[in-house]
Amino acid sequence: MEDANLQRLHCSVKNYDWGLPGRVSEVARLHALNSASEFHAEDPYAELWMGTHDSGPSFLASSNGNENGVSLKAWISENPDVLGHKVLHKWGSDLPFLFKVLSVGKALSIQAHPDKELARTLHKLHPDLYKDGNHKPEMALALTNFEALCGFITLKELKGVLHTVPEIVELVGATNTNLVLQTNDQDGEEKVKPVLQAVFTDLMSASKDRVTDAVNRLKSCLLKKSEVRQLTDKEQLVLRLEKQYPADVGVIAAFFLNHVKLNPGEALFLGANEPHAYLSGECVECMATSDNVVRAGLTPKHRDVQTLCSMLTYKQGSPEILRGVSVNPYVNKYTPPFEEFEIDRCILPQGETVVFPAVPGPSIFLVTVGEGTMNTGLPKGHVVTEGDVLFAAANTEISVTSASELNLYRTGVNSKFFQAS
């Protein structure tokens with residue numbers, strides 16, 4: 001591929017144990033196509049990483065399709081102009097975003113990502129656990145039906161939980177419970193936040209024996225209830241989580257968080273210090289270039305309960321769902337309130353052409369379905385097919401023509417960043 005403005009990439013895969021087994025994982029399928037490799041039908045395939053993060057770097061493919069050993073990160077630092085001057089000035093000679101595909105087979109940990117200030121502190125104190133000093137806002141755009149826990153439920157809903165789930169009352173104690181029941185929305189955020197923080201911290205800090213006992217009693221109580229009535233969505237979810245992570249405090253913490261369901265083409269964005277856990281389904285995800293995660297439940301990995309409970313915003317209520325804004329008949333743009341990234345979702349019927357206008361920053365394109373050609377104005381276009389990932393330099397107009405229905409996703413720096421700067 002002799003077009004410096006468009007570079008084909010070979011990408012890294014992560015086999016975390018929450019991933020879907022290879023035979024049904026979109027990550028496994030796309031990675032096998034991307035790297036011309038086989039996948040193992042029963043092994044978990046969790047994440048495909050497209051970008052420059054050291055924990056999962058992408059490499060340039062040579063003109064014969066083989067990896068040429070040069071990482072995208074090294075190539076960008078040798079050719080910084082491909083980022084455009086505004087991106088270079090703001091973030092230095094690296095991509096400010098990391099693009100991923102996720103195949104979620106079982107729940108990820110209840111987690112939050114630190115803001116910049118906390119990330120710098122954590123990285124300094126525990127560089128082995130917190131690998132970089134950056135924040136990690138993120139956005140997940142559903143490829144299939146997708147479920148997540150995200151943000152705290154309202155005060156009214158929380159009071160309902162305390163009235164109906166005695167196992168929680170036992171773990172957090174009467175004082176905390178009464179504090180919540182005596183608090184009203186009229187009290188304002190500065191009064192509500194410390195109450196919610198105290199209750200959640202006590203729950204997440206409860207001893208292993210007490211948690212095991214509470215989870216087991218909750219489970220038998222729900223199984224009994226299921227014989228006489230249909231369980232609520234949240235109750236069914238709690239039983240599912242208990243199967244995946246027996247005796248884990250995260251099973252009970254799920255009652256405190258919103259259970260969000262996305263349809264394909266809907267997106268959810270998460271700011272710093274917001275609690276969340278992806279539960280099931282497949283998505284494309286974009287985030288600031290970081291791998292900082294503070295975990296506290298639904299995980300065999302390191303837990304940092306005190307850091308998590310002290311860093312959360314404790315905002316309450318359902319998260320905003322983005323459905324994208326149509327920029328032409330084939331492309332929807334998803335713009336989160338973070339300057340590092342945005343995502344375009346393109347569904348191009350057979351035989352049609354769409355133009356991605358030149359933007360002042362870099363982009364990464366991922367083809368998930370179909371085949372076609374990408375053109376940067378040179379005489380010869382690039383044939384693209386599912387599993388292809390391409391880096392596009394700043395200020396490059398790209399037209400795409402489909403040979404069969406083509407689904408592709410583009411991520412780039414948020415257009416609002418360029419309008420503002």
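Think of each number as a place in line: the chain as shown, counted from 1.
Using the three backbone atoms N, Cα and C, a Cβ is placed for every residue, glycine included.
Copied from TrEMBL, the annotated features are:
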- 6-152: domain 'Phosphomannose isomerase type I catalytic' (DOMAIN)
- GLN111, HIS113, GLU138, HIS276: Zn(2+) binding site (BINDING)
- 184-257: domain 'Phosphomannose isomerase type I helical insertion' (DOMAIN)
- ARG295: active site (ACT_SITE)
- 334-374: domain 'Phosphomannose isomerase type I C-terminal' (DOMAIN)
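Annotation for GLN111 (Zn(2+) binding site): spatial neighbours PRO275, HIS276, ALA277, VAL293, VAL294, ARG295, ALA296, THR299, LEU308, criterion Cβ-Cβ under 8 Å with sequence separation of six or more.
Each of ALA112, LYS136, LEU270, GLU274, PRO275, VAL293 belongs to the same chain as GLN111, HIS113, GLU138, HIS276, is absent from that list, and has a C-beta within 8 angstroms of the C-beta centroid marking the Zn(2+) site.
Note on ARG295 (active site): other Cβ atoms within 10 Å of its Cβ, all shown chains, come to 22. Residue counts for the domain 'Phosphomannose isomerase type I helical insertion' (184-257) under DSSP (helix as H, G, I; strand as E, B; rest coil) come to 61 helix, 1 strand, 12 coil. Across the residues of the domain 'Phosphomannose isomerase type I catalytic' (6-152), the predicted structure has a mean pLDDT of 94.
Across the domain 'Phosphomannose isomerase type I catalytic' (6-152), DSSP classifies residues as 41 helix, 48 strand, 58 coil. Other Cβ atoms within 10 Å of the Cβ of GLU138 (Zn(2+) binding site), summed over all protein chains shown, number 24.
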